[in-house]
Amino acid sequence: MNTASDIDYARYDHIRPILWTGDALQLLDQRKLPFVVEHVVCHDSDEVAAAIHALTVRGAPAIGIAAAWGVVLAARDVQAADGAHALQQLEPALQRLNASRPTAVNLAWALARMRRCLNAAGADWKAKLEAEAQAIAEEDLAANRHMGALGAGLIEAGSGVLTHCNTGSLATAGFGTALGVIRAGMAQHRIARVFAGETRPWLQGARLTVWELQQDGIDATLIADSAASHLMKTGAVQWVIVGADRICANGDTANKIGTYQLAIAARHHGVKFMVVAPSSTVDMETVDGSQIEIEQRDPGELYGVGGTRTVAEGIAAWNPVFDVTPGELIDAIVTERGVILNPTPENMRAAFGG
């Protein structure tokens with residue numbers, strides 16, 4: 001049986017995108033990677049919200065963790081007898097944080113958890129609030145390591161895998177979700193080849209994922225997003241492994257734009273499709289993917305690469321950031337609570353209630 005203790009974390013888990021210093025939040029600026037390693041320092045909640053919206057920090061779990069620390073920063077100048085009274089003053093800041101990225105359910109989940117903490121806290125509410133943010137981060141790291149072992153256990157030795165976007169340490173408290181499974185699979189000699197799609201338009205695969213794997217000494221092969229179907233046809237890939245920003249009650253999964261087409265291609269070519277995400281990403285109140293708000297970003301993000309314009313003036317662009325993969329195209333959903341094979345409303349309820 002695979003366990004998280006089988007993995008050499010000194011080798012496979014040393015990148016940290018979020019650092020709480022005690023009076024400020026340091027965020028590794030993921031817009032500048034891989035060529036510039038630089039941190040943005042946030043001193044208040046509005047700076048955290050701006051960093052989330054600007055993709056300084058990204059990845060659903062990391063967004064939730066950053067938002068939790070944003071609440072701690074917002075509380076610094078608030079004077080209140082207990083947490084419930086403090087919450088009344090903090091609510092505008094929480095709403096601004098919540099509006100920074102609407103699709104990722106982890107953001108709303110983390111803020112709801114901070115609200116519950118405040119409502120239950122007495123005069124020591126500031127200390128309780130900081131401890132809650134720290135707990136969210138620590139629990140995410142532990143969950144990622146456990147998911148890594150669970151997901152790796154599904155993969156046969158010698159397999160090739162394809163991943164999309166960035167789901168590693170940069171997107172979480174550490175180790176990663178889908179990339180955590182890949183790290184665990186490499187450590188246990190189950191995965192022989194790793195392929196990563198470039199992930200237009202922000203190139204999270206090209207800029208972040210292959211860089212992360214390089215830091216761990218894992219060889220990865222970058223492909224154009226449009227090459228994925230042909231890669232599967234060659235037989236080089238046995239699993240597509242992705243993360244999630246929201247998982248619905250029927251297994252429908254919102255993730256980075258381009259995920260849906262990978263799932264369609266995988267099913268056509270007999271390639272297995274795995275979604276890896278913490279249970280905080282599961283939204284049992286959302287019945288199916290049709291109810292998910294899909295974030296639309298500035299069309300200008302499609303007009304160039306690396307600051308160089310590649311498109312003629314006067315061209316329209318459509319730039320949804322996420323798409324929804326139907327649950328029937330997913331072979332396994334892996335959370336820290338366990339593995340759901342071939343997700344349906346029934347086995348999702350059995351795993352998560354609702």
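Yeah, the Cβs are placed from backbone N, Cα and C, and that goes for glycine too.
The feature substrate binding site is assigned by Swiss-Prot to R58, G59, A60, R101, Q204, N255, K256, with sequence analysis given as support. With a cut-off of 8 Å between CB atoms and residues at least 6 apart in sequence, the same chain places I52, H53, I63, L107, E295 near R101 (substrate binding site), listed in sequence order.
The site 'Transition state stabilizer' annotation in Swiss-Prot covers C165. Secondary structure at C165 (site 'Transition state stabilizer'), as computed by DSSP, is coil.
Annotation for D245 (active site, proton donor): same-chain Cβ neighbours under 8 Å, separated by at least 6 residues, are A60, T103, A104, V105, N106, A254, N255, K256, T281, F322. A coil conformation is recorded for D245 (active site, proton donor) in the three-state DSSP classification, outside any helix or strand. Marked as active site, proton donor by Swiss-Prot: D245.
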Task: R58, G59, A60, R101, Q204, N255, K256 excluded, remaining Cβ within 8 Å of their centroid (substrate) - done: I63, A104, C165, N166, T167, A171, G243, D245
Open item on the list: Using only C-alpha positions, which one of R58, G59, Q204 is spatially nearest C165 (site 'Transition state stabilizer')? These are the binding-site residues in the record.
Closed with: Q204
